[in-house]
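To start, the structure itself, in structure tokens.
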């Protein structure tokens with residue numbers, strides 16, 4: 001009996017190691033960039049990260065401002081594009097981001113993106129305040145219907161996004177949700193792969 | 001039918017009567033097969049022929065019938081029963097349930113191996129007890145079969161389908177890639193099924209015959225046929241080639257017999273001229289080997305029999321045989337014979353190279369690595385097709401089990417989920 005248990009444990013250890021190696025080699029799961037809350041209470045990514053989208057067909061990168069995609073070559077005639085996962089756009093290569101497309105169609109303008117999945121309308125407004133330091137000629141905030149009511153604590157309370165409280169007439173900053181657990185899960189690729197597969 | 005025919009043949013000493021019963025059985029089985037599988041093919045071919053000589057006509061004789069799954073396999077299996085009884089290799093069973101179990105033994109019912117009654121029936125009759133080692137061996141074969149099917153055959157399927165469907169838009173390099181990957185797909189799909197069937201039978205204490213012995217390491221076309229779909233090729237040898245005279249008569253007669261075997265083998269696969277051409281092509285490739293007397297020289301050995309690596313000559317032989325077999329698969333995989341010839345023409349007349357992109361957007365390098373590692377691993381285990389994980393060290397075995405399981409998880413794609421290719425036959 002002890003021999004069987006020892007064999008099972010040995011196999012499990014080998015399986016976990018092989019699982020981790022193979023999932024990393026084949027990019028079985030997307031690399032997930034690590035997030036932080038900056039000094040203004042905005043939840044964004046740690047700057048200068050890189051990783052692969054699932055399958056390893058393209059890489060994403062986080063720029064030095066902590067947002068996905070390229071930074072503009074210069075900041076004249078700047079337009080900011082703020083929004084949720086549609087702007088974040090990890091599923092497409094950097095060359096397929098909105099800023100690249102808009103630059104091609106309107107070459108005399110420059111574009112800067114600030115996207116993060118789950119951003120509410122209020123959070124988009126807060127991000128725009130931060131980007132004002134680059135003196136953009138305008139801020140474009142991409143929103144869906146849900147982003148408006150999800151901006152209100154009293155309507156759709158959510159701890160991890162920045163919202164507005166009608167009762168206290170103030171901004172309620174979002175908090176990181178289980179940061180340690182996420183850090184472990186996203187770095188332990190095999191566990192994250194199994195979690196995604198619902199095995 | 002064959003159950004009663006078996007009893008009737010055995011109960012008679014009259015040679016003529018025995019032969020009548022045998023032909024009755026063969027005729028009945030072939031009639032069933034012909035009706036379901038070949039009737040429309042011959043009607044359509046007849047109509048096409050009339051059209052070709054100027055009589056434009058449409059067929060009102062074509063039937064809309066569903067081909068029963070695996071009909072070619074169990075028809076041949078029951079025919080082998082009648083033949084074995086006729087040749088007195090086997091005593092017929094008087095128990096109908098035993099006979100029914102032999103015909104419908106579920107692991108190999110739909111895609112073989114096509115068992116001989118002399119092997120399977122005797123095991124069904126015998127009292128069996130649980131054998132741990134046999135069951136463990138069976139589970140290992142099932143795992144290996146699943147790996148071949150899920151990780152390789154099914155994951156290559158979208159690539160092969162894309163290339164063969166859109167061959168008119170791809171350069172020669174992509175067409176060569178497509179047919180090469182199809183070679184691995186069809187091998188892993190079919191041998192994977194056979195391994196699962198053999199492994200499952202082992203769990204019931206039954207040993208089925210081997211159906212594949214690493215055909216990709218064959219050194220000539222004759223050796224390839226000793227290693228590919230063994231249960232069918234030996235069936236044809238025992239019940240068709242040898243009764244026709246085999247290689248006992250003149251060279252010309254032997255060539256005729258070989259040609260018949262390959263044409264029938266092609267037709268067995270399906271009612272389509274593509275399979276007939278595929279069979280004919282193999283006959284053309286086999287006959288020179290036969291005439292040089294090299295058709296049986298590798299019967300009892302494998303490549304690099306007494307060394308780790310193959311010699312340069314052997315490497316050349318492996319590459320040439322693989323190229324011939326892979327080329328023949330253009331006929332096997334194409335929808336129509338016209339498609340086959342256009343496909344071949346494009347390879348030879350439009351030679352250009354372009355990087356191929358996976359139709360679902362995946363990274364192609366992962367598939368190349370998988371196939372190369374698979375070939376290397378099969379080379380390592382090439383001496384024993386029944387023991388894919390025969391390593392003394394348990395750490396090595398556990399590592400390989402883990403790799404195999406992970407490959408299945410990582411390469412499995414629900415959108416590319418495929419039934420077994422040979423189910424259609």
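Backbone N, Cα and C atoms are what each Cβ position is placed from, and that goes for glycine too.
Keep in mind that TrEMBL annotations are predicted by a computer and have not been checked by a curator.
Residues or ranges marked as transmembrane segment in TrEMBL: B:20-39 (among others). Long-range contacts of the transmembrane segment (B:20-39) within the same chain: residues 1-2, 5, 8-9, 12, 63, 65, 67-68, 71-72, 75, 78-79, 82-83, 86, 267, 270-271, each at least 6 residues beyond the stretch ends and with a Cβ under 8 Å from a Cβ of the stretch.
According to TrEMBL, the transmembrane segment annotation covers B:59-76 (among others).
Annotation source TrEMBL lists transmembrane segment at B:254-271 (among others).
Under the heading transmembrane segment, TrEMBL lists B:277-297 (among others).
Under the heading transmembrane segment, TrEMBL lists B:309-332 (among others).
The transmembrane segment feature in TrEMBL is assigned to B:360-380 (among others).
What TrEMBL lists as transmembrane segment is B:395-412 (among others). Beyond the ends of the transmembrane segment (B:395-412), by six or more residues, the same chain brings 143-144, 146-147, 150-152, 154-155, 366, 370, 377, 389 to within a C-beta distance below 8 angstroms of the stretch.
Through the fold, the transmembrane segment (B:277-297) approaches residues 220-222, 225, 247, 251, 254-255, 258-259, 261-267, 269, 324, 327-329, 331-332, 337, 340 of its own chain, all at least 6 residues removed from its boundaries and within a Cβ separation under 8 Å. Tertiary proximity for the transmembrane segment (B:254-271) is limited to same-chain residues at least six positions away from its ends with a CB under 8 Å from its CB atoms, namely 37-38, 40-42, 72, 76, 232-233, 236-237, 240-241, 244-248, 277-280, 282-283, 286-287, 290-291, 332, 424-425.
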